[in-house]
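Chemist: Sharing a structure below in structure tokens format, with a few things to ask.
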Amino acid sequence: MPSYTVTVATGNQWFAGTDDYIYLSLVGSAGCSEKHLLDKAFYNDFERGAVDSYDMTVDEELGEIQLVRIEKRKYWIHDDWYLKYITLKTPHGDYIEFPCYRWITGEGEIVLRDGRAKLARDDQIHILKQHRRKELETRQKQYRWMEWNPGFPLSIDAKCHKDLPRDIQFDSEKGVDFVLNYSKAMENLFINRFMHMFQSSWNDFADFEKIFVKISNTISERVMSHWQEDLMFGYQFLNGCNPVLIRRCTKLPEKLPVTTEMVECSLERQLTLEQEVQQGNIFIVDYELLDGIDANKTDPCTHQFLAAPICLLYKNLANKIVPIAIQLNQTPGEENPIFLPSDAKYDWLLAKIWVRSSDFHIHQTITHLLCTHLVSEVFGIAMYRQLPAVHPIFKLLVAHVRFTIAINTKAREQLICEYGLFDKANATGGGGHVQMVQRAMKDLTYASLCFPMAIKARGMESTEDIPYYFYRDDGLLVWEAIQTFTSEVVGIYYESDQVVEEDQELQDFVKDVYVYGMRGKKASGFPKSIKSREKLSEYLTVVIFTASAQHAAVNFGQYDWCSWIPNAPPTMRAPPPKAKGMVNIEQIVDTLPDRGRSCWHLGAVWALSQFQDNELFLGMYPEEHFIEKPVKEAMARFRKNLDAIVSVIAERNKNKKLPYYYLSPDRIPNSVAI
């Protein structure tokens, strides 16, 4: 009688093991086996992290094994089980791998195919076609689209974390409880004594050190020491945590009526302002999106204010970027003066603080929330709905959407919801952040997510003209490494452009992103379909880069750049000045956040800047969804390329007072998970 050896691997995460009864049956080309109970006498089967083997004898030859069916039946209480993989040794001595990496819940059943990646056209056998179709039908019932707010990209239909499919929940919900994490952060930072002191102003700038000095951090300490300097202000547009707004100014906007006479003391080349523009030495950051956004009114005891500044910057003879003019609102006029470096010290400082505060709002809500979190969730939901586990693109992308839907659901539950944590300290809380996303959706385009295109669109591509733009330099290296990898994977499974075009599952995935994520807007430039291997590789690079590198670049520097409150105020408690010569230090301190809001802000940026426990970084694929040698070799080359980038960045950062490391691949998590 034919005998098989079945090896079963249980996950390592908390509560992965089970005491339930596990039955296994085999489906082959020549017949099906009976159900076999996998059980060893006097042995605790399926413990967390265990790899257990069982001999299984069948009555007759089964032929080529096509499917493995696993059933879980209750022993005492319902006990979820995380199955990593099953390996089958056939009577002929062959080994067949069946990757799973999923939870089996309740009285559950999972049917697995072997680990070879297959396009739909590769499946000619009815039972395999049926399995493929059923898997997607089940997933489409589990992963439903929902509109959380009008105009937003659609998100998962789940009110809270526990409503999500078990496979995409966090291993431990406690680890991502925002309320718990923020409170813990304030405790770790020794600032919880200030957390309820709303409406209580700090005495002066030095007073902010009371909530700052407990954690040593090279960059944040340097920010604290140099935040008032124009060089530090300008540097952050290139390499701070929001390095995506600065663009080369090709024409001075009419709404910013700045003249050569106003700024001539800042210009170093004896040229007029117009000539400097023509030579490419003038840059601009425009916070127009904030114009008319409602400020937070959730606390009747504290008035909060927003501005919509325009900041003009100049590349000096040392090739450093410095500010030369700031207008705090969009419409020019007597009550909206243009502030200059030649103005009184505190006039100029307060104008810069307003720009930094506005930058913080755009960063948190658009650069970070919309353009990484919400966009990555769209890719994740579409993937689960339209690509079966056997599809090569599912196998490629699944590591890059790990926990993304879960973290976003948790954020909608606790952070950005009505009366959520976001309302506590941010001037755009109470609904302003929702208005911002609704507006920004008009400018969210496919091209803006293609890193090289986005850099070029802002006129920032020249390394010779702008030599200290490390975000650009490192980002291009990582983009190229990812694109090389995706091109290799696409080349393995798609022998021609025609195969890409005829892959209906792939086309449905791309269409889901366009229709539901981008709400079917032609202006977004998102493709409705993909017709070539080259375009598919680019699309996959966008998905992976957004989830990994782009998120890392704009998330993990938050404590570095935003922990010194005057450098990134989350709210302002007085309106922008309407005239010059009226500002003193007391007014600035009274405008900055109070003690309570400062503490909540600090707890937030500290918590958001921490890596997850057991973080998986770019190039790490511990779940072996792919079993084929050519893909494993492509992964090895990818890791080698990433290691080379790590070395290049480490060498560049040597002896730098302000190292830039957010895009070093050993610091880039695989997915948006915090």
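Keep in mind that glycine also has a Cβ here, set from the backbone N, Cα and C atoms.
Per TrEMBL, the features are:
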type: BINDING; residues: Gly17, Asp79, Asp80; note: Ca(2+) 1 binding site
type: BINDING; residues: Asp39; note: Ca(2+) 2 binding site
type: BINDING; residues: His368, His373, His551, Ile674; note: Fe cation binding site
type: DOMAIN; residues: 2-118; note: domain 'PLAT'
type: DOMAIN; residues: 118-674; note: domain 'Lipoxygenase'
type: SITE; residues: Trp103; note: site 'Essential for stabilizing binding to COTL1'
Chemist: With DSSP helix as H/G/I and strand as E/B, how many residues of the domain 'PLAT' (2-118) fall in helix, strand and coil?
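Modeler: The counts are 0 helix, 60 strand, 57 coil.
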Chemist: Rounded to a whole number, how many Å is the Cα of Gly17 (Ca(2+) 1 binding site) away from the Cα of His368 (Fe cation binding site)?
Modeler: 36
Chemist: Quick one: of the recorded positions Asp39, Asp79, Asp80, Trp103, which has its CA closest to the CA of Ile674 (Fe cation binding site)?
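Modeler: When the Cα distances are compared, Trp103 comes out closest.
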Chemist: Beyond the listed site residues His368, His373, His551, Ile674, identify every same-chain residue whose Cβ lies within 8 Å of the center of their Cβ atoms for the Fe cation site.
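Modeler: Filtered neighbour residues, in order: Leu369, Thr372, Ser376, Ile407, Val554, Asn555, Leu608, Val672.
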Chemist: Restricting attention to the domain 'PLAT' (2-118), give the mean pLDDT.
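Modeler: Per the prediction, mean pLDDT sits at 95 for the domain 'PLAT' (2-118).
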Chemist: With every protein chain in view, how many other Cβ atoms are within 10 Å of the Cβ of His368 (Fe cation binding site)?
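Modeler: That number is 22.
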Chemist: Cβ within 8 Å of the Ca(2+) 1 site centroid (Gly17, Asp79, Asp80 excluded): which residues?
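Modeler: Filtered neighbour residues, in order: Phe15, Ala16, Thr18, Asp19, Asp20, Phe46, Trp81, Tyr82.
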Chemist: Could you say which of the binding-site residues His373, His551 has its Cβ with the most other Cβ atoms inside 10 Å?
Modeler: His551
Chemist: Please name which of the recorded positions listed here, Asp39, Trp103, His368, is nearest in space to Asp80 (Ca(2+) 1 binding site), Cα against Cα.
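Modeler: Nearest by Cα distance to Asp80 (Ca(2+) 1 binding site): Trp103.
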Chemist: Can you grab the distance from His551 (Fe cation binding site) over to Trp103 (site 'Essential for stabilizing binding to COTL1')? Cα atoms, rounded to a whole Å.
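Modeler: Just about 27 Å between their Cα atoms.
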Chemist: At the level of the C-alpha atoms, what whole-angstrom distance separates His373 (Fe cation binding site) and Trp103 (site 'Essential for stabilizing binding to COTL1')?
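Modeler: It is 24 Å, counting Cα to Cα.
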Chemist: Just give me the nearest neighbour of the residue listed as 'Ca(2+) 2 binding site' among the recorded positions Asp79, Trp103, His368, Cα to Cα.
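Modeler: Nearest by Cα distance to the residue listed as 'Ca(2+) 2 binding site': Asp79.
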Chemist: Give the sequence-ordered list of residues that share a chain with Trp103 (site 'Essential for stabilizing binding to COTL1'), lie 6 or more positions from it, and have CB atoms under 8 Å from its CB.
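Modeler: Once residues fewer than 6 apart are set aside, Trp103 (site 'Essential for stabilizing binding to COTL1') is near Asp80, Trp81, Tyr82, Leu83, Arg166, Asp167.
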